[in-house]
Amino acid sequence: MSRSMALSQLLPDVALTHDVQVSGLVMDSRAVRPGDAFVAIAGFGAHGLGFVEQARANGAAAVLFEPPAPDGLPVPADAIAVPGLRARLGVMADQFHGRPSQAMRMVGVTGTNGKTSTVQLLAQALTLLGTPTGTLGTLGVGLYGAAVPTGFTTPLVLPTHALLAQLRDDGAQAVAMEVSSHALDQGRVDAVHFDVAVFTNLTRDHLDYHGDMAQYGAAKAKLFARAGLKAAVVNLDDAFGHTLFAALDPALRAIGVSSRAHADASVSAQALQLDHNGINFALNIRGQVHPVHSPLLGRFNVDNLLAVAGALWAMEFAPAQIASVLGQLQPIHGRMNRLGGAHGAPLVVVDYAHTPDALEQALSSLRSHAQDRLICVFGCGGERDTGKRPQMAAIAELKADVAIVTDDNPRGEDGDAIVADILRGFARPDAAIVQRDRAAAIHQAIGMASPSDIVLIAGKGHEPYQEVAGVRHAFDDALVAAQALLPRTVLGVRP
């Protein structure tokens, strides 16, 4: 739906020499369309004032900037100086798009691991319960099942409001949204109205950005102190979650979830059993107990299901409805996806686990399903937290029977250097298999596996590419694994 608004409505406190109708608010000069207002602020490596000519050539109707302008960058005579521009972008975008987040039931999910799975499972559940639901996160934006990639876990603030408006216009009545620590720290969700906030867990990640765990946790906690929030769903089995829960505003509806019998939990999983068919437990919501039989794989998916249950209860669904829909939820692409496991082929699991905690959870969960060996293929991304590389090696050595180290997304970093960092975490590095070619590593793992083994391919999950030296090459772990499994499935023997 096309929109336009007078600039004076968006900037009532700014003296304008002339008023214009603008058809959008855009920070990327390449994305400017005729009639847009170009927002020229400091970016990650450059300032928007350096791209005014390109924005003008693309039809920008106005140029906004935050004074003072950097030295050496000319300011067009008709550019509009807006004090505190960056801080008010969320409010401006919210107003321009007609306050889309207030027109839908908004659930924000934050945490180190489980954000994507929780968002996708919640959207799937709400859709099954008759509520058209949009998703916004790692897998993209769109109504459930029709997401289009954005390239961000949480987009920048102007696109975030535009995408929410798109979901509203497409008929979404609810939105499940991943809210990263970067987004909370950088104001990407400024002026987004959330009804329910969900916390999954806090483990080591992004310390290259936040510096330490205290600052990382403080960034996550910002979601739970937002004006207008009605309910908070918190994993009480996580140490930081327990602290966060105790500090919640008493005016909030606080819903603690636990699969480990935490006394303060109002939503819990009891009598938990994992088998080759999935997960079985009794869902207890404030004393109302209903059985859940889920086809999902892995102990941590119990936590994801409880997060979904807590969010649904916060949205006033009945416990019986919640238990029923949990059992209908199907796996998310790239999150503990199952391949093989029949006709002489080993069970192969593709998962996005790319942090120490996520890898440990994936391996520990699969150990409870394994009849024989657990083979792990993993690597670490380039230009990211180097401290987690030896940690992931130690976990793979401890939790798997065979560890194969390979390339993840080296990006602009030397792959041999990444592998060297990883190998430092092995007590016996000579026992690790190094095969930097990821496709070859996957074929090697599946080729050595017996029918009773489990192969975990960790790190990339849903990603359809591998980034090497700044170039994204087509690559899909699940597709490569399926190709490697084909001779096993057809012949029923090892190739």
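Yeah, the Cβs are placed from backbone N, Cα and C, and that goes for glycine too.
On a predicted model such as this, the values are computed, not experimentally measured, just so you know.
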Additional site residue, Arg373, Arg384, Arg488 [criterion: listed by Swiss-Prot with Asp408, Asn409, Pro410, Arg411, Gly459, Glu463 for meso-2,6-diaminopimelate]: Arg384
ATP site shell beyond Gly111, Thr112, Asn113, Gly114, Lys115, Thr116, Ser117, criterion: Cβ within 8 Å of Cβ centroid: Val109, Thr118, Glu178, Thr200, Asn201, Asn304
Candidate with the highest Cβ count within 10 Å, taken from the binding-site residues Asp408, Glu463: Asp408
Cβ packing number for Asn113 (ATP binding site), 10 Å threshold: 24
Non-site residues, in chain order, whose CB comes within 8 A of the mean position of the CB atoms of Arg384, Asp408, Asn409, Pro410, Arg411, Gly459, Glu463 at meso-2,6-diaminopimelate: His354, Gly379, Cys380, Gly381, Gly382, Asp407, Lys460, Gln466, Glu467
Pairwise CA distance, Asn409 (meso-2,6-diaminopimelate binding site) versus Gly111 (ATP binding site), rounded so that it is a whole Å: 22
Under 8 Å by Cβ from Gly459 (meso-2,6-diaminopimelate binding site), counting only residues of that chain that are 6 or more apart: Tyr352, Ala353, His354, Phe378, Gly379, Cys380, Gly381, Asp408
Cα-Cα distance linking Glu463 (meso-2,6-diaminopimelate binding site) and Thr116 (ATP binding site), given in Å to the nearest integer: 13
Closest of Gly111, Asn113, Arg411 to Lys220 (N6-carboxylysine), Cα positions, binding-site residues only: Gly111
